[in-house]
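Peer 1: The feature disulfide bond is assigned by TrEMBL to C44-C90, C109-C133. Positions annotated as domain 'FZ' by TrEMBL: 29-146. Positions annotated as domain 'NTR' by TrEMBL: 163-288. As annotated by TrEMBL, signal peptide applies to 1-25.
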Amino acid sequence: SRSGGPWLLGLLARLLLWGSPGAWASYLRRSSSCTPIPHRMALCYDIGYSEMRIPNLLEHETMPEVIQQSSSWLPLLARECHPDARIFLCSLFAPICLDRLIYPCRSLCEAVKRSCAPVMACYGYPWPEILNCNKFPADHELCIAAVSVDENSSSRRMPRASCKDCELEEASTAREILENLCANDFAVKIRILRKNITTTISDFDLDPSRVEVLKHGPLLRTEIPARLQQWLDIDATCVHNIMRGTHAGVFVVSGEVQSDKVVVNKAYAWQKNRNLHQAVRRWKHHRCPEQAG
């Protein structure tokens with residue numbers, strides 16, 4: 001995969017240089033088993049390898065437990081606090097299925113903690129003791145190192161911690177909504193459904209029969225449903241705030257395209273929203289400022 005391939009190849013190359021596994025690898029083969037990473041494990045599905053070991057490095061012994069515990073970290077990833085946060089977490093929740101246990105390097109843990117712990121603190125959560133960076137091996141040992149760090153780039157900047165969550169917008173006027181649609185890459189009217197098969201926060205589906213593309217921008221119309229489902233899976237905190245505890249709802253969402261994902265910037269509830277209804281009716285004939293020029 002695009003997100004996991006390069007670091008995975010680097011890890012395998014280091015393993016080839018490391019030599020034959022010892023007694024611990026034999027014990028690992030007896031005490032754990034390899035299993036496919038399920039699609040429902042949104043945190044690590046399509047991370048760059050397809051199988052993981054259970055029990056994992058956090059001592060989760062069943063797949064339902066792994067899915068439930070890992071999904072609680074999706075809101076943190078949605079804040080994009082560190083580009084290697086997903087690799088770090090998946091090395092623990094879904095350890096790669098090799099002959100020896102491969103832990104994250106201490107430096108990787110420390111880098112992710114520096115950027116992500118402040119975001120967790122926004123919501124009253126401390127960095128958990130189970131992720132104490134002193135427990136992980138030093139960089140000169142066999143471990144998973146940071147992928148995005150470039151020590152030679154002085155211009156490289158980590159994302160700043162953000163405590164802001166998206167919320168439903170109040171559609172004050174139709175004109176304001178039209179200006180928002182013009183300003184964003186895409187705009188879609190969709191129906192979101194809450195699934196009842198799990199109690200985790202990441203449990204929303206897109207109703208594929210209720211997707212009305214208002215503006216597709218750089219996206220193909222045919223790829224929009226899949227991109228929006230990816231957004232529902234990854235940006236769980238945003239979707240949770242938009243749904244406000246309801247089981248289903250129709251919304252107009254707009255946002256921007258960032259490499260291989262979409263980011264929703266604005267969301268309006270369709271029900272009993274006259275300004276929104278008026279804006280959507282006018283949109284077909286509306287000309288944005290750059291079009292009128």
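Placement of Cβ uses the backbone N, Cα and C atoms for every residue, glycine included.
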Peer 1: State the Cα to Cα distance, in Å, between C90 (disulfide bond) and C109 (disulfide bond), rounded to an integer.
Peer 2: 12
Peer 1: Measuring CB to CB from C109 (disulfide bond), give everything in the same chain under 8 Å that is also at least six residues away in sequence.
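Peer 2: Within the chain, C109 (disulfide bond) has Cβ neighbours under 8 Å at F88, L131, C133, F136.
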Peer 1: To see if you understand the setup: which same-chain residues, six or more apart in sequence, place their Cβ under 8 Å from that of C44 (disulfide bond)?
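Peer 2: In sequence order, I37, M52, S70, R86, L89, C90, F93, A94 meet the Cβ cut-off.
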Peer 1: For the domain 'NTR' (163-288), report the average pLDDT of the model, please.
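Peer 2: Across the residues of the domain 'NTR' (163-288) the model's pLDDT averages 86 on the 0 to 100 scale.
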